[in-house]
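So that you can see what the record holds, here are the features copied from TrEMBL:
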type: DOMAIN; residues: 1-61; note: domain 'Fido'
type: ACT_SITE; residues: His3; note: active site
type: BINDING; residues: Asp7, Gly8, Asn9, Gly10, Arg11, Thr12, Ala13, Arg14; note: ATP binding site
Amino acid sequence: MIHPWVDGNGRTARLLMNYIQFCYHLFPAKIFKEDREEYILSLRQCQKEETNQSFLDFMAGQLKKSLSLEIKRFNASQKKGFSFLF
């Protein structure tokens, strides 16, 4: 076993994905719990069709969702008077 978790294959793959995104200075895409079934379906579809397009489409949607959430959080913090500027 090369990974430290019992359910490690998926978790290790997502950790590696985030590491690669970090190396390329990309925003790490989060896979939301409520989208887990769609995530697994996209992976299965990739195997079936021998292409990665369904996974890329899924991850693009997750990235869009992550960024939208971060923008909402940022805007809410600005309304409350929080600032990261010194």
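All positions are counted from 1 along the displayed chain.
Every residue, even glycine, has its Cβ placed from backbone N, Cα and C.
Here the features listed in TrEMBL are placed on the structure.
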| residue | record | Cβ within 10 Å |
| --- | --- | --- |
| Asn9 | ATP binding site | 10 |
| Gly10 | ATP binding site | 15 |
| Arg11 | ATP binding site | 13 |
| Thr12 | ATP binding site | 14 |
| Ala13 | ATP binding site | 12 |
| Arg14 | ATP binding site | 15 |
> Per DSSP, what is the residue tally for the domain 'Fido' (1-61) in helix, strand and coil?
Replying inline: 42 helix, 0 strand, 19 coil
> What average pLDDT does the predicted model assign to the domain 'Fido' (1-61)?
Replying inline: 87
